[in-house]
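Enquirer: From TrEMBL, for reference:
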type	residues	note
COILED	22-70	coiled coil
DOMAIN	89-422	domain 'Kinesin motor'
BINDING	GLY178, GLN179, THR180, GLY181, SER182, GLY183, LYS184, THR185	ATP binding site
TRANSMEM	428-449	transmembrane segment
Amino acid sequence: MLLCTGGTGAPRRQAWDLKGKVSDMEGRIRNYQTRVKSANEENEVLKGSVVQSQSRVAELEKKVEAQTSKIRFDRDLIWGKRYIIYVGNIRVFCRVRPLVDGGLSNHIQLAASDDKSIMLAKTEESHTGKNTETQKNYHFSFDRVFGHQASQQEIFEEISLLVQSALDGYNVCCFAYGQTGSGKTYTMEGEEVDDSRGVIPRAVQQIFRAGEKLKSQGWEFTFTASFVEIYNETLRDLLYTGKSSKRPEHEIRKTSNNEVTVTNLTYKKVYTEDQVFDLVDLAKQNRATAQTAQNDRSSRSHSVFQLQIEGANAGRGVKCKSILCLVDLAGSERMMKSQSQGDRFKEMTSINGSLSNLGIVITALANKESHIPYRNSKLTYLLQDCLGGNSKTLMFVNISPELDSFGETLNSLRFASKVSDVCSNNSLFYLGSAVITAITTSVILSCLLRHFNVFNFSHISVKHDSLSSQVNDCVIGTASSNRK
């Protein structure tokens with residue numbers, strides 16, 4: 001019996017020991033579970049804190065980005081304020097067309113060290129009765145003179161800043177003036193080969209590509225194109241595709257916002273540069289041309305291409321509206337030179353009259369006269385928005401190098417020189433703008449360096465201390481009048 005009892009006692013003690021160990025383990029497990037639960041709760045709190053921190057970081061990053069953008073913007077304005085170019089709201093360029101046979105013209109001379117001067121020389125017989133000849137020289141100066149070797153790219157590089165300012169909210173007008181056959185259409189339109197493209201296709205390309213880049217800064221642009229010609233003081237829609245018998249009449253009117261508009265004119269929304277090029281090709285086919293004694297196929301009308309630009313930056317709460325206007329003027333001709341008769345004589349009279357009125361308007365603008373006679377011709381009335389106010393205007397005077405065109409060349413240069421003279425001492429061309437960007441800044445800097453002949457930034461403050469001191473107190477001119 002004792003052996004039996006002793007035999008059952010040992011297993012019981014072992015069972016109790018095991019129960020005790022199990023109880024201890026369960027207690028430890030409950031303790032671990034409590035600690036895990038506490039850790040999980042703490043982890044959730046930390047997760048929430050991390051999310052809040054991440055949100056705060058993202059908010060701060062946005063503020064930093066906005067502040068950086070503002071700093072860049074202010075820096076751009078400082079560049080514009082510190083280095084204002086003394087070029088005026090109206091500039092005049094001269095371009096010499098090459099001779100047809102590729103030779104050199106002896107009576108037109110360009111200074112080797114100066115790209116702003118041109119001289120015409122004419123040999124005349126002496127009036128003293130002696131068998132001698134004298135040479136009479138005519139000197140002219142412009143904002144820039146391009147010789148016969150100047151490429152289309154070189155021409156456009158000089159005006160790229162002007163074109164860019166259309167995206168900055170300024171109305172811009174560029175037109176080519178000169179006698180028939182002097183190269184106006186080549187300057188404005190050029191040819192289909194890339195190197196030979198003119199101002200219109202290059203300007204359109206720059207506007208659309210710059211607008212695309214500005215999307216990264218929050219800008220959205222819409223573009224509307226129109227193309228009209230003025231023939232004998234009558235407007236014709238060059239984008240009209242209907243029947244000739246049903247072609248509508250057009251009148252120039254003012255909108256409620258005092259903006260110039262043309263009734264019944266085709267205004268096309270365009271989204272790519274190729275769409276604009278298609279419209280330009282259509283306009284070329286529709287433009288009125290006719291044969292004259294000076295040019296087998298001389299354009300008998302003014303063509304006016306307009307690209308309306310509307311921009312908006314929702315983030316900054318800024319809007320801008322402007323017009324890029326590119327004009328190919330009809331050729332100026334003298335009566336005896338052109339041998340015009342009948343309808344051609346009427347055309348010539350109308351053309352010369354509108355060109356004369358254009359000169360009067362530009363002179364009045366440059367002189368800041370109280371009354372500007374825009375309505376004296378359809379051309380100036382149509383261009384009113386692009387000529388007045390804070391608009392930027394560039395005039396190309398194109399001249400022919402042939403000796404038999406000497407008289408017309410001299411007249412063209414005299415007209416352009418008069419415009420240049422009255423504009424040279426007037427308003428500054430402000431570079432500051434509420435839309436100015438890094439794209440604009442790079443163009444500004446390149447133009448500044450070319451203008452001052454400076455190729456090292458360290459030289460600027462040394463060579464142009466007087467300029468810096470003069471502009472330090474200048475107020476940046478903005479396109480506020482064009483903004484809504």
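Just so you know, glycine gets a Cβ as well, placed from its N, Cα and C.
Just so you know, TrEMBL annotations are computer predictions that nobody has curated.
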Enquirer: Taking only the residues in the coiled coil (22-70), give me the average pLDDT of this model.
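Expert: Averaging the confidence scores along the coiled coil (22-70) gives 84.
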Enquirer: Helix, strand or coil for GLY178 (ATP binding site)? Use DSSP.
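Expert: Reduced to three states, the DSSP call for GLY178 (ATP binding site) is strand.
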Enquirer: Near LYS184 (ATP binding site), which residues of its chain come within a Cβ-Cβ distance under 8 Å, counting only those 6 or more away in sequence?
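Expert: Within the chain, LYS184 (ATP binding site) has Cβ neighbours under 8 Å at ALA176, TYR177, GLY178, ASP328, LEU329, GLY331, PHE396, ASN398.
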Enquirer: State the three-class DSSP label for GLY183 (ATP binding site), counting H, G and I as helix, E and B as strand, and everything else as coil.
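Expert: The residue in question, GLY183 (ATP binding site), is coil (DSSP, three-state).
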Enquirer: Let me spell it out: for each of the binding-site residues (GLN179, THR185), count the other Cβ atoms within 10 Å of that residue's Cβ, using every protein chain shown. Which one has the most?
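Expert: Neighbour-count leader: GLN179.
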Enquirer: If you count other Cβ atoms within 10 Å of each one's Cβ, which of the binding-site residues GLY178, GLY181, GLY183 has the most?
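Expert: The largest 10 Å Cβ neighbour count belongs to GLY178.
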Enquirer: So of THR180, SER182, which of the binding-site residues has the fewest other Cβ atoms within 10 Å around its own Cβ?
Expert: THR180
